[in-house]
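**Student:** Take this structure first; my questions come after.
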Amino acid sequence: MATHAADAHHDDHDHKPQGFWDRWVFTTNHKDIGTLYLVFAFIMFCIGGAMSGVIRAELAQPGLQFVQPYFFNQMTTVHALVMIFGGVMPAFVGLANWMVPLMIGAPDMALPRMNNWSFWIMPFAFTVLLLTLFLPGGAPAGGWTLYPPLSLQGGSSVAFAIFAIHMMGISSIMGAINIIATILNMRAPGMDLLRMPLFVWTWLITAFLLIAVMPVLAGAVTMLLTDKFFGTSFFNAAGGGDPVMFQHIFWFFGHPEVYIMILPAFGIVSEIIPTFSRKPLFGYQAMVYATASIAFLSFIVWAHHMFTVGMPLGGELFFMYATMMIAVPTGVKVFNWVSTMWKGSMTFETPMLWAIAFVILFTIGGFSGLMLAMVPADFQYHDTYFVVAHFHYVLVTGALFSIIAAVYFWWPKWTGKMYSEKWGKFHFWWSTFFVNVLFFPQHFLGLAGMPRRIPDYNVAFADWNLVSSIGAFGMLASPIIMFAVLWHSKKHGAPATTQVWEGAHGLEWTVPSPAPHHTFTEPPVIRASMLAHGDVTH
Amino acid sequence: MAMAAGTLPDRWQLNMHPGVTETARNAYHIHMLMLWICVVIGIIVFGAMAYAMFKFRKSKGAVAAQFSHNTVAELIWTIIPIVILIVCAWPATKILVHTADTSNPELTIKVTGYQWKWRYEYVDYQGKATGINFMSKLDGDSDRTRQLKSGLDPHAVKVGEEQTYLLNVDKPLVLPTNAKVRFVITADDVIHAWWVPALGWKVDAIPGIINDAWTLIEQPGTYRGQCAELCGQDHGFMPIVVEAKPKAEFEQWLAGQQAANAAQNAPAAAQAPVAAPQG
Amino acid sequence: MATAQGKNVYYVPHGSKWPAVGTIGLFTTMIGAANWLNEHSWGKPMFYVGVAVLLYMMWGWFGEVIRESIKGMYNHQVDTSFRMGMMWFIFSEIMFFAAFFGALFYARMLSVPWLGGEGDGALTNFYLWQDYAPAWPTNGPSAIGGAFETIPAWGIPLLNTLILLTSGVTITIAHHALRAGHRKQLLVFLGLTVVLGAIFLYYQAHEYIEAYQHMNLTLGSGVYGSTFFMLTGFHGLHVTLGTIMLAVIWFRCLAGHFDKDHHFGFEAVAWYWHFVDVVWLGLFMFVYVL
Ligand code: HEA
Ligand code: HEA
Ligand code: CUA
Ligand SMILES: [Cu+2]
């Protein structure tokens, strides 16, 4: 081991393990594990995307053309679970794996073996989940929110789905522990907390959220399991329980979960915008505190998903006010991004385009979120396509766009190859056009009264649904285009420089491209000039 | 015109309809208030971004400034949103308090959700038990048309001129106009949600639990809605139809139903509870 | 090996098969359990095979870590990573219990009173559960599982509280002994802790048998039975794990794995044990006494 470390330091020779098994299955290397996570997430995005294709195909016209309603419900449920737990979360963990050690000057993740385990549980968890599609009775069909009693009516899928969720939870918790330990313990000397890149900060807080709420989800689904198989009455009023209790526990997890899917996105965008504005991030410290406030608030707003369950008036008011408050720290972030661009010297390479689209479209999603927070109006919006539009804006043009931006941004560092700007931009304009065709009309559908989770609808809804489906089929090409761009870059891309982007600052841009298999085996000395945001402590 | 607005969604409809009750109008107002606030903030934020993107681009020779914070600006854009939010919260709170008050109804309806139909019990009208109680489920035309690959055209499902595919039932809930109606809502198997957009609210129907809500319909008409909580395979196929009639007509209808009831089975009427507590 | 670079290099292992073994173990366990619940005959054996693989994984993985540790490959920073790992793991466990405590409080403070007509539940009670009067313990308006008795707090539960509290003291004494280099005292007090854990478990098992056989108190006794057994059951499971961990540590002490300043393994188990102890205090208060 010592020899490895020494060599890596003297020349760029990589010492990657050679065989497939050693390189990918038994690996403890944060970069390889990061790659594994990203590849896995990409595959899951495609599977989840295919399911959304089934959904949108059936919804393109009134009447049932392709699938039975029950199968439609399975598609909705599994689409969401795959996208959230298989797509967005692993993609962010993959980015953290790759970038956090590079950004803080650590030789690897704090607990490298556990890192491998966190990853390899995921494909198996999803094998369990996706297997249920082929069981008699099919996959879970009660919505990704798994509300009892409906979710307990599923056949043999219930136990499988619950255990799959347990496995995802174990993986996420171990992944999060690793990230926290890495950030708190592995920073190079001089990399003080308030000098860390914002991506690292957002992940630190995200990891905390994960450790706090994934066990709560595990508890909630365990109670589902015992209600179904062991005769408990947690969610059964006849036995003194309450179906609504599940919703409280679920959303105590579920709301922080949605911020788990957006905070790292904030971090990514806070790296990209300064780079292409050639100007330090505006309001670094405010960004850190805003992230922390959002995380704190996320624990006290959960019941805004449950305004129609018949909560007492005081509860409705409390959760409405608390939810509205989140607009304030989130606004701080948006304003800071705009101020970072202000008086910069901007160029619009592909990652910057995705980041700018993120700021605009996420904000639109945030606006509809704020509208949903108003209880009297939510009595109308709830469980309609207005909600579907809201969360796809924050999830797809929010979380997913940031992931794509990040991949373009760091790809040259990972592979040492530039991608084709022309085709990267094509990918961007294609996806941004179709994603809006796909999701913007869903606001109209919701306001006109179309409930969510239905396979068929009144003819008055037909027109906008067709538009939305056309957008969906355009959007489904997005991963294919991206794959082609990246494949082409891998094969024929121009070599990348160490700094890659003219405006790039930060430790990760001081190591060669591609980043050697081992980096920072001895801690670097941090100088303010290496920091993306300059020295903020003055 | 206002009446048509309440009945069915329009093709290419863009916005919420104001509905036919005070609650629905309130929801609509809050919705529009929030919408405009968001539009204005959006114009400011996106406008600033657009300006920056055109003005401060490298290709135009822009040189990056190096400032990295400005406490005054940051304070301003923390405080102004707080003020805006308070402005929004105020009317929402007032409306919510008003909406929550289900006391002193003239008519109480018990709604029970089943997979996949609704039961309506007219618990009491003007203090008297009525004994009326029936199921309401998707109409036959829609039901035939909605089968997978039925080959039937959803556009052909009509009531008069209205295209009612999936929004019609065999037996609607008949209500009086200009009377406060209280709903007590529950379910028998899984969670459902009772929603008629023109009335302005939805409430979950939860097995083992009673939720309540109220309405006061101002215009006679037929108002259509749907179950709004995923409740299994036919969740998309359990619509709700409310027929609001002027009081006199309603009372006539009620008497007719009671007569029919009495003729059919004598013992049913006696059991319904009276004088429910005010929730 | 690592010594060549001096203590400043953070030890990064190069490849390990144990996570892969663990993944296979977990996968087998979960598939087995799901099939067991769905009443497939091979579910149960598969579950046990999976558990066996997981145990093998732990044996091998921890063994590797111990060997590396003894070789002196871990510097102070590695030690800190382990500590943070353990602390945050315990935090996740706390949150897991929080879900069940949350369920208990929700049932006692909200759902049961509402079903009984208090507060917002007036209508629920009137229309659906007219004869139901809220009380705790309860098995709900439909008296699911039939009449049952509860376990009085001041018998075995009190005894178990004292046992766990004592075990908290004995392990602390053992820790001091370890730091002071008193090997014999260490082994005696750590051994005592193991024994106390086992006694606790014995009484707990006894209590469960009583409940099932003579008091008709089961998992199926409405929401009381549900919260009672899930909380005490998961706690019992953690005590079992903790006791096994303590026993392992005892053997490692015997084998001389730890010295005055280098005994993270011991401390991790001690933290875990204190966590289990504190959870029990919560249980004793909210499940038994109140
Ligand atoms: C990444 C995921 C993500 C994010 C970031 C958010 C962000 C927000 N969400 Fe969203 N939400 C979801 C994912 C997300 N949500 C999902 C998945 C669901 C549905 C789950 C299901 O039922 O299946 C949902 C549902 C949901 C509901 C329930 C709707 C219903 O079912 O009836 C509500 C209600 O309050 C809500 C509110 C909000 C709010 C207030 C924010 C805020 O954080 C937004 C804050 C941002 C802004 C406001 C914009 C920027 C701010 C400014 C420019 C400052 C100035 C602005 C003002 C003062 C107005 N969300
Ligand atoms: C992150 C989460 C996520 C994502 C990405 C999507 C993406 C899409 N969703 Fe999904 N959706 C949900 C989360 C998500 N959704 C949730 C939580 C629900 C609620 C479920 C419920 O009710 O229970 C839902 C429900 C839902 C519905 C409502 C169903 C109903 O109520 O009946 C519909 C209908 O149109 C829909 C459509 C789509 C479509 C067309 C896309 C398209 O955007 C898909 C096209 C995109 C891709 C194919 C992936 C692109 C990926 C890349 C380019 C890869 C880049 C990554 C790397 C390189 C690592 N979704
Ligand atoms: Cu009933 Cu949906
Ligand atoms: Cu939320």
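Every residue gets a Cβ built from N, Cα and C, even glycine.
Remember, predicted model here, so these are calculated numbers, not experimental data.
This is the feature table in TrEMBL:
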- A:15-527: domain 'Cytochrome oxidase subunit I profile' (DOMAIN)
- A:36-57: transmembrane segment (TRANSMEM)
- A:77-98: transmembrane segment (TRANSMEM)
- A:119-139: transmembrane segment (TRANSMEM)
- A:159-186: transmembrane segment (TRANSMEM)
- A:198-225: transmembrane segment (TRANSMEM)
- A:245-269: transmembrane segment (TRANSMEM)
- A:281-305: transmembrane segment (TRANSMEM)
- A:317-339: transmembrane segment (TRANSMEM)
- A:351-375: transmembrane segment (TRANSMEM)
- A:387-411: transmembrane segment (TRANSMEM)
- A:423-444: transmembrane segment (TRANSMEM)
- A:464-487: transmembrane segment (TRANSMEM)
**Student:** Would you call the transmembrane segment (A:77-98) and the transmembrane segment (A:464-487) in contact, using three or more Cβ pairs under 8 Å, pairs 6 or more apart in sequence?
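**Tutor:** Between the transmembrane segment (A:77-98) and the transmembrane segment (A:464-487), contact is absent.
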**Student:** Near the transmembrane segment (A:351-375), which same-chain residues lie under 8 Å Cβ to Cβ, leaving out any that are not at least 6 residues past its ends?
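**Tutor:** Residues 262, 265, 268-269, 272-273, 275-276, 304, 307, 316-317, 320, 323-324, 327, 330, 334, 337-338, 381-382, 386-387, 389-395, 397-398, 401-402, 404-406, 408-409, 425, 428, 432, 435-436, 443.
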**Student:** Are there residues at least 6 beyond the ends of the transmembrane segment (A:36-57) whose Cβ is under 8 Å from a Cβ of it, and what are they?
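**Tutor:** Result: 24, 27, 65-67, 72, 75-76, 78-80, 82-83, 86-88, 90-91, 93-95, 97-98, 119, 122-123, 126, 130, 400, 403, 407, 438, 468-469, 472-473, 475-476, 479, 483.
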**Student:** Please indicate, using numbers and ranges, the residues of the same chain that are 6 or more beyond the transmembrane segment (A:245-269) and have a C-beta under 8 Å from a C-beta there.
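**Tutor:** Result: 84, 88-89, 92, 95-96, 145-148, 197-203, 205-206, 209-210, 212-214, 216-217, 219-220, 223-224, 234-235, 287, 291, 294-295, 298-299, 301-306, 309, 333, 337, 355, 358-359, 362, 391, 394-395, 398-399, 401-403, 405-406, 409.
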**Student:** What residues elsewhere in the chain lie close to the transmembrane segment (A:119-139), defined as a C-beta under 8 angstroms and at least 6 residues from its ends?
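**Tutor:** Non-local partners: 25, 33, 36-37, 40, 44, 47, 70-71, 74, 77-78, 81-82, 85-86, 90, 154-157, 160-161, 163-165, 167-168, 170-171, 174-175.
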**Student:** Could you pull out which residues elsewhere in the chain have a CB under 8 Å from any CB of the transmembrane segment (A:464-487), counting only those six or more residues past its ends?
**Tutor:** 42, 45-46, 49-50, 52-53, 56-57, 59-62, 404, 407, 411, 419-420, 423-424, 426-427, 430-431, 433-439, 441-442, 444-445, 448, 450, 457
